[in-house]
Number of protein chains: 2
Amino acid sequence: METLSTNKAHGGVQGVYRHASTSTGTDMTFSIFVPPHDAGAKLPVLWYLSGLTCTHANVTEKGEYRAACAEHGIIFIAPDTSPRGDDVPDDEGYDFGKGAGFYVDATEQPWATHYRMRSYIEDELPALIAAEFPMADMARQGITGHSMGGHGALTIGLRNPDRFRSISAFAPIASPLHCPWGEKALGGYLGDDRATWRAYDACALIDDGARVPELLVDQGDADNFLTEQLKPELLQTACAHAGIDLTLRMQPGYDHSYYFIATFLAGHVGWHAERLKRG
Amino acid sequence: METLSTNKAHGGVQGVYRHASTSTGTDMTFSIFVPPHDAGAKLPVLWYLSGLTCTHANVTEKGEYRAACAEHGIIFIAPDTSPRGDDVPDDEGYDFGKGAGFYVDATEQPWATHYRMRSYIEDELPALIAAEFPMADMARQGITGHSMGGHGALTIGLRNPDRFRSISAFAPIASPLHCPWGEKALGGYLGDDRATWRAYDACALIDDGARVPELLVDQGDADNFLTEQLKPELLQTACAHAGIDLTLRMQPGYDHSYYFIATFLAGHVGWHAERLKRG
């Protein structure tokens, strides 16, 4: 693992690191904020998965999460959204290919070779974090994300309820099976058999039996993607049928930008901290 | 004045605007955050002047100031650091020309035509703000800034003690007369007569009689520019001789980046708010 940068911030260290990923077959970059802590302390971990077109850098620069992480003693990890590099196939659209990995393990060529973001986020990167950051308490993990990354947080959390004690999202794609972004991406990465998509659809996972005690979702009501792509009402229906306690907060006047995320991310850090610190 | 963008954030509105400047003879862009407020309320104004290579965007995206401005009811304004455009002369260096206006009115050609950032920041932009943002209480203004912008905040504040009730800075250039950045910029914009530079040097202004009750400065002790360019000890000496109450906080481990600024900017907002809200 190579250190690209470290900067002291809010009493802790904001780092950016690169490593050779066996999952994607490429170098991968991620950021991690380690708050101030006593020697030997073990700190809960909050994962943040980013949206379309993003790298680790967007939330790292614009997320306004560090003060809250320092206050609550939470490690904050922001991975990239896809494999990168000249050898990695891409698409002309912003919503497929590089910057748009959708947190799936692709099965269709030419994508299957490198687009293995599910394995990367679920298995490889947590193992690397555990090995390289001994203060990270991998027994206490939460997950959140924005838009495509909200979809990632919900689906990874729902598939791994024993690992993630707390799951939240900002303006998530509630059901890739039922929106243009999702149909393009899952069709491209996984092929035409929509049954294989269900492991990557929060609503389908819940319909198929996945259970967690609660979910927190913030959604701006001035979000341009709300009705065509995000559709929080589908998540609401799935959670109601399954008895999952969904807190869906429609935030008046907020759009899809990092100004929206940064307004509420500190609150999410506190919400996760409360759950990750329970005995 | 043209609206480039508005985004709801922390209950207020982060806006970016462009207007034709008579001072610089160019279009100028600035950002302004107006926090949530009651109809008819008048809110204090905090100016933030940015450093070398920056535009309004750096602090707007990375500054982490909006939560504090919303809490304290403070309007936050971030101007650009120089005139822009194909007609504007430039220099190959990052530390002179575009992105490096040093908040002076240049007297030397080819700079004197457009590089009139003193007039722009001191006169034109405040008049525009007063006209376009009726909630801005121009009787209660504070000023801060970073590096070159810290120099700008100190010098503009010291020259206008009746207008600015509170002055602070992050890692300011304490004395352009005594560092390479300052000598290059003031020599280029103002010519060889160093007597004309003194109106643009915080230490010289104090030595020449400028008085304010107090100054707040944060400075990282891991800042690469500390000893060659910034030299806070010169400001310390000038303030000690003049009886100005300087609070200089050397922050251990912090560098010159926005991670440093963002760690302490919310605290500066509160410090200014306390002074701007006194009866």
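Going from the start of the chain as shown, residues are counted 1 onward.
Cβ atoms are placed via backbone N, Cα and C, with glycine included.
According to TrEMBL, the active site, charge relay system annotation covers A:S147, A:D223, A:H256.
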If you measure A:S147 (active site, charge relay system) to A:D223 (active site, charge relay system) at Cα, how many Å is it?
11
Using Cα coordinates, what distance in whole Å links A:D223 (active site, charge relay system) and A:H256 (active site, charge relay system)?
5
Could you say which of the active-site residues A:S147, A:D223, A:H256 has its Cβ with the most other Cβ atoms inside 10 Å?
A:S147
